[in-house]
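S.K.: Below are the structure tokens for one structure; questions will follow.
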Amino acid sequence: MQTYLLSQQFNNRSLAVNSTACPANATICSGTSCVLPEDNFNETLSIILSTVLTIMLALVMFSMGCNVDIKKFWGHIKRPWGIFVGFLCQFGIMPLTAFLLSLAFNVLPIQAVVVLIMGCCPGGTASNVIAYWVDGDMDLSISMTTCSTLLAMGMMPLCLFIYTKMWTDSNTIVLPYDSIGISLVALIIPVSFGIYVNHRWPSKAKIILKVGSIVGAVLIVLIAVVGGILYKGSWIISPKLWIIGTIFPAAGYSLGFFLARIAGLSWHRCRTVSLETGMQNTQLCSTIVQLSFTPEQLELMFTFPLIYSIFQLLFALLILGG
């Protein structure tokens, strides 16, 4: 009996020692106080995500360039009325709509910024596919996407500067214009290379275009999955962002169509301008946001491009059905 009690006391002391022992990876230990090395998993994952997003976006833009026929593109440049109407929609209607929706729903300043970045983004490549399905003007669609991408280098920072002043003047948010500018300028390289490939090897360009469309879809899924891991708080989505994400693309499609109709464009061109206005380059928006803002800010803004992407596609399919 005495031997049993001594054994129990020894075991209890061993458990006590083990319970207060520092973890194996501790760098400094003093009793129960330990200094653990910083967990860099999220930081590493964020760097990997930024790198992968940049590479995949470059491939998507390269495939977009492979869709551009120089002769047809130049023909629209010489008769630019359709492109001019599209320009007014893309950099007039969309940023203004983003600004008004942010004011109307009184969202947080950082959320207003991401809504405005989405509104200032150029058209997306998906609009070219949908324009083909709805019997739109494919040449105009491709020309508008290309021009809006090139013009975004100047218009996007300008629109952000004008419309975000009421949120950035208080110095609570500093817009990283250098990061945004570098991201936009970098797009010229893959787009230009894609145009050259289509000019020299049109058959290969068609294959690249198909690969690029698949990569674009994968990119959206990748953003959703990895972003969900990195920014867990971002999935607690404000109902206001859901409502804005629903109204915004619908407003873009509707206002783009009516402005094109007022400008006297034909019905198939009106459909094209409508799609080019409402369908934004959500991959570009996600990449700019990921590269330009802190993890704390991303918690509040990262999911909006995904919300917009869902509803712009849903409304595009409704247009297609109609």
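Note: Cβ is positioned from N, Cα and C throughout, glycine not excepted.
Any TrEMBL annotation is an automated prediction that lacks curation.
It should be emphasised that the depicted structure is a prediction, and the values quoted were computed from it without experimental measurement.
Here TrEMBL flags 45-68, 80-104, 110-134, 141-163, 175-196, 208-230, 242-262, 300-320 as transmembrane segment.
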S.K.: Contact between the transmembrane segment (175-196) and the transmembrane segment (242-262) is defined here as three or more C-beta pairs under 8 Å separated by at least 6 residues; is that satisfied?
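M.R.: Not in contact, no.
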S.K.: Look over the recorded stretches 45-68, 110-134, 300-320 and say which has the most C-beta pairs under 8 A to the transmembrane segment (80-104).
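M.R.: Highest pair count goes to 110-134.
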S.K.: Who are the long-range neighbours of the transmembrane segment (141-163) in its own chain, taking Cβ under 8 Å and residues 6 or more past its ends?
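M.R.: Apart from its flanks, the transmembrane segment (141-163) reaches 61, 64-65, 67-69, 72-73, 76-77, 82-83, 86-87, 90-91, 95-96, 98-99, 113, 116-117, 119-125, 127-128, 131-132, 175, 177, 180-181, 184-185, 187-188, 191, 195, 272-273, 275-276, 281.
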S.K.: What stretch in 45-68, 110-134, 175-196 has the biggest tally of Cβ pairs under 8 Å against the transmembrane segment (300-320)?
M.R.: 110-134
